[in-house]
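Feature list (source: Swiss-Prot):
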REGION    1-33  region 'Disordered'
COMPBIAS  11-20  compositional bias 'Acidic residues'
COMPBIAS  21-33  compositional bias 'Polar residues'
DOMAIN    208-286  domain 'RRM'
Amino acid sequence: MSRVANNRDWADDEDLEDSNELPQSTTTTNKDGTQTIVTWRFNDDGKKVKTTRRIRFTKVKEIVNPRVAERKSWGKFGLSQKDAAGPASDTTSVGENIIFRPSTNWRKDAKEEVSDAGAMKNKLKDKQVKCRICSGEHFTAKCPFKGTMAPLGEEGAVDVAAGHADTPEGPGGLGAGKSSYVPPHLRNGGAAGGERMGGGKFERDDLATLRVTNVSEMAEEQELRDMFERFGRVTRVFLAKDRETGLAKGFAFISFQERSDAAKACEKMDGYGFKHLILRVEFAKKAT
């Protein structure tokens, strides 16, 4: 029996050893500074798989503020003296970790943003600011006549001479011909402005503004002032002009200090010929 045991095939032990154990991992340092690491593992079929990896180590030198590096080397003190290195959850609040996801089409996205901005610029190139009250080239909020006349084309404007609208109000302050909601402050005469303290100066300015239409495009403000000052003191002259050409747009507003002077000018200047055109003069309507 001992002779049979001593005459076993040498491959039997090799197969037995290979089927149960994996060779040890080896790490070899090469002359170029890289390392070759050989590892073994079993795959899903129970076979040995050899993995060889070659690793190159690179040192990255980072330049930081010396003061920052010095603070990082400070030791903990006080109640946290025995704590481990790094931030502790009970004494340090760590900011949210923001995950950065780089985009592969960032150049395309940037071009689209530039093209969109260019298209919007071209779209707004021909747009001009136009006042809804006097059609001048300024914002409606900055119109010098926003308190003395109604927007052009509106039918519900309050006549200056009458002082109130002709449309009667129904029960509850709603319009008789409308079923839309009317805010409380506009019901039962709430829209009418209260009397101003100090006086008549502002009221005279509101009631003594004339609207002059069919004005020649070659007209100037000083010419209009000279014509209307014959009837009384003129406090303000506004002639709407085109911003690009500088020519008049065909209408103007003349404000007198006294309403009687404005009425006299309206009577005399309505139908007056000026630069081959017949002027149309009327009282400006007050905004509601």
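Every residue, even glycine, has its Cβ placed from backbone N, Cα and C.
Proximity of distant same-chain residues to the compositional bias 'Polar residues' (21-33), defined by a Cβ-Cβ separation under 8 Å and at least 6 residues beyond the stretch ends, is recorded for 39-42, 48, 54, 56-57. The average pLDDT the prediction assigns to the domain 'RRM' (208-286) is 88.
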